[in-house]
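**Student:** Just dropping this structure here.
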Amino acid sequence: MSGYFSDLYHGTKSLLVGLGVTFKEMLKPTVTVHYPRETLTITPNYRGHIELVSDEKTGGSLCITCGMCARACPSACISIHSEKPEGSKKKILTGFELDFTRCSLCGICVESCPTDAIAYSQEYNLAGYSREEFHMDLLGRLGKGGGSLT
Amino acid sequence: MKTEAFKDESRHRFLLNMGPQHPATHGVLRLVLEMDGEYVVHLDPVLGYGHRMHEKMAEARPWPSFLPNTARMDYLAALPYNHGYVCLIEKLAGVEVPRRAECIRVATSELNRVASHLLWLGAFLLDLGAFTPILYGFDDREQILDILEDITGSRLTYSYFRVGGVYRDVDDRFVENTRVFIKRMRKRLDIYNKLVTDNIIFIKRTEGIGVISPEMARRYGVTGANLRGSGIAYDIRKTEPYSIYPELDFEIPVGSRGDCFDRYLVRIKEIEQSLRIIEQALDMLPEGEFRGKAPKKIKLPPRAASFAVEAARGELVYFMVGQDSDVPYRLKVRVPSYANLSLIAELCQGMLIADLVSVMGSLDLVIPEIDR
Amino acid sequence: MDTAFLPPELLRMLIAALFVVTVVFVNALFMVYAERKIAGHIQRRPGPYEVGWHGILQTLVDGIKLMTKELVIPRDANRMLFRVAPLLAFTPVVMPFLVLPFSENLTIIDMNIGLIFILAMASLNVMAILVAGWSSNNKYGLFGAMRSVAQNIAYEIPILLSLLSVVLITNSFSMRTIVEAQISGLWFCLLQPLAFIIYLIAALAETNRAPFDMPEAESELTAGFHTEYSGMGFGLFFLGEYTNMFIVSSVAVAVFLGGWSGLPLPMDAWTGAFWFLLKVYILMFIMIWVRWTYPRVRFDQLMNLSWKYLIPFALLNLIVTAVIVKL
Ligand code: SF4
Ligand code: SF4
């Protein structure tokens, strides 16, 4: 019987305290960010999809087409196309494609690149209507200023 | 509860399918319940809806490529999973880790643990029908995610640890933000206690419900807060300490009865302890390398090794057999939630369906981790 | 000629019906919006925000969406009952409006059994839930229905007992007389605080609101009795719930909080209605506030609360009142 009344007393008290907590919280300002109208600044360390880094001198890519990144990628989402022009020792990059639908944003490719030719982009709100929109031609983006990150 | 009634075969029973899209089976767990009215007579968990062949994937690719996978098993506390995996490789290959990296690893892992516990708190209360704590929990968790995003670059599946260290160094801003967060979190714990811990409805819903006896917990291999709630102070961070845990001063909170309420209390106290650990790890953060010299190519020697860490849900063990190549012969992951789930059939016999929900919530299951 | 066509009584009824339906819809629209806003702010988020100024049109849009949606009838459901249930949920909650004393002059009919009429109508609501749960042929739905029946029976008793102790004082079931008794004397929430509190708790359970929302108990029964309902079928249940809230709050105001009495305001004709509605909405705010604070109680605990706490205390209160009145 003593449990009966102490339950009643402590129970009621705890319930009132609970109401107090929510009431106080209710009067505080909201913490929501109204997304399309307000945006947060993204940390510079954000890991978005990868992007080719442009060479400051030539404006081209720093990539030496060694293929390290493509080999290191766990999801095999990088494909590199290169050709060796006549008389030249070095291969040049003719295409760098990223299948972003499979990328896990792990960053292993970035780490494995010997020339730091790839970096993360800051893009976080990608959306599209088809899969193909995420098969990105990174070399093409580089030309259009998409990859001007350094 | 009313076990005698269940032995009576003549009583009308029916099957109830709970999940895989039921609000209380977070993720995709399916329970097939045999019911007698609102009492559960028998229960069968059905797994595999989130099976992604993680272990098989590990056998088919070089070990560095598996690192992102580890973060995706338990996506709520990805860092301890990274931690176990890199530690295993370091053990197999004999790689030294600089002290600064160890401190960073511990601090971030514990932050992740707090985030995971906060989410659990919200989800558990949601199961019990309180809608508000989950949003308070998310508010606090958001701060952690922001801190971690700032150093790791992602918000959930971090892949932050690398063999020989971590992927990026932390800066003063991280230390400062984390300290601010710890202060804030301590204050917030007070709110949780007032709103939840003391609440009579909450107490009535959890006290004496789903009692796991120490013997039963041992039998099923339950680990983590679920085991500690039953009064066994078993925590890999103390019993088989790794990284810098031996030097840290923290306690292992244990419960006494092993009911849902104890499991809840243990987790809340663990948040406090984790905050202490983070503080100490930040205090002892030395200058120096954040990533040691690890050989570029590590061949996994043809022997077996295992490494255990304390993940947010219990003991996580990686067991790997090498084959003189960088592709392992076999990787076995012992995930805590699997064992924690396995006892539910025995535990929930004769329970009300409302209690079943409360027990499931208190076990803190992450289904994709079970399915892998 | 005209008056022969439409006798004043009929005209009166028509206007009343129109008035009631308007009040029901406007109240539901407003309450859903208020609930979502309050819930939002309790959880530190803004609630509906996008449609109209601060989301003010959100519920209107939602209502239109519900109306345009198809009512999917499960194959194995009892088709007739399945369709009837939402109507059944909606009709009885409208009836009590007939006797609610909004203000001195704004009462549709002043029945001498007003209070009993309301209680009778309120207990019809459980029929709708039972029919809905049963006819959907869904186990979760059936659970919800069964719980609801048990719950409503358990909670009608404390409601009745707590109201009776007021009736003992006023000697009348007429809502009007009860309010007038308070205007001349003290409000009954001061004279009968225990009855008032018991009524409030029981009313929460009677309207199936959290923390007593057993029949829907989302995390246990997905959506309980209306699991299978979509479109306007669901909409009517929803409307019924909010109207029910309005009714129980109105009864609380009329019986315990002095009805339309309040400080005089410049707009003489509307003063009574203003005070009445103000009190009703304050009570409804409390109901919302409670819902977003507590976890849900378990079913057997709900029963315990009623049989072990509410009913004994209500009985005690009733006996004490009876003795004092007789002295
Ligand atoms: S981030 Fe990872 S998954 Fe994505 S392209 Fe680079 S290596 Fe591949
Ligand atoms: S690793 Fe770097 S240099 Fe080599 S192919 Fe990839 S991007 Fe080019």
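Cβ coordinates are placed from backbone N, Cα and C, and glycine is handled just like the others.
These figures come from a predicted structure and were not determined experimentally.
So TrEMBL lists the following for this protein:
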type	residues	note
DOMAIN	A:54-83	domain '4Fe-4S ferredoxin-type'
BINDING	A:CYS63, A:CYS66, A:CYS69, A:CYS113	[4Fe-4S] cluster 1 binding site
BINDING	A:CYS73, A:CYS103, A:CYS106, A:CYS109	[4Fe-4S] cluster 2 binding site
DOMAIN	A:94-123	domain '4Fe-4S ferredoxin-type'
**Student:** Do any of the binding-site residues A:CYS63, A:CYS66, A:CYS113 touch ligand 1, in the sense that the CB is under 6 Å from one of its atoms?
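**Tutor:** Not one meets the Cβ criterion.
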**Student:** Give me the non-local Cβ neighbours of A:CYS73 ([4Fe-4S] cluster 2 binding site): same chain, 6+ apart in sequence, Cβ-Cβ under 8 Å, ordered along the sequence.
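**Tutor:** Listed in sequence order, they are A:CYS103, A:ILE108, A:CYS109.
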**Student:** Please list, in sequence order, every residue of the chain apart from A:CYS63, A:CYS66, A:CYS69, A:CYS113 whose Cβ lies within 8 Å of the Cβ centroid of the [4Fe-4S] cluster 1 site.
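**Tutor:** The surrounding set, listed in chain order, is A:ILE64, A:THR65, A:GLY67, A:MET68, A:ALA70, A:ILE80, A:CYS109, A:SER112, A:PRO114, A:THR115, A:ALA117, A:ILE118.
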**Student:** At a 10 Å cut-off from the C-beta of A:CYS63 ([4Fe-4S] cluster 1 binding site), count the other C-beta atoms across all protein chains.
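**Tutor:** Here the count is 26.
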**Student:** What Cα-Cα separation, expressed in whole Å, is found between A:CYS66 ([4Fe-4S] cluster 1 binding site) and A:CYS106 ([4Fe-4S] cluster 2 binding site)?
**Tutor:** 20
**Student:** Among the binding-site residues (A:CYS63, A:CYS66, A:CYS103, A:CYS106, A:CYS113), which are close to chain B, meaning C-beta separation under 8 angstroms?
**Tutor:** A:CYS106
**Student:** Please list, in sequence order, those binding-site residues from A:CYS73, A:CYS106, A:CYS113 with the Cβ less than 6 Å from ligand 2.
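**Tutor:** A:CYS113, in sequence order.
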**Student:** How long is the line from the C-alpha of A:CYS63 ([4Fe-4S] cluster 1 binding site) to the C-alpha of A:CYS106 ([4Fe-4S] cluster 2 binding site), rounded to the nearest angstrom?
**Tutor:** 20
**Student:** What does the structure give for the C-alpha distance between A:CYS106 ([4Fe-4S] cluster 2 binding site) and A:CYS113 ([4Fe-4S] cluster 1 binding site)? Integer Å is fine.
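**Tutor:** Rounded to a whole number, the Cα-Cα distance is 14 Å.
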**Student:** Pull the DSSP breakdown for the domain '4Fe-4S ferredoxin-type' (A:94-123) and write it out as helix, strand, coil residue counts.
**Tutor:** 5 helix, 9 strand, 16 coil
**Student:** What counts of helix, strand and coil residues does DSSP assign across the domain '4Fe-4S ferredoxin-type' (A:54-83)?
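**Tutor:** When I sort the residues of the domain '4Fe-4S ferredoxin-type' (A:54-83) into the three classes, I find 5 helix, 8 strand, 17 coil.
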**Student:** Take the Cβ of A:CYS106 ([4Fe-4S] cluster 2 binding site) and count every other Cβ within 10 Å, whichever protein chain it belongs to.
**Tutor:** 24
**Student:** Once the chains shown are all counted, how many other Cβ atoms turn up within 10 Å of the Cβ of A:CYS109 ([4Fe-4S] cluster 2 binding site)?
**Tutor:** 22
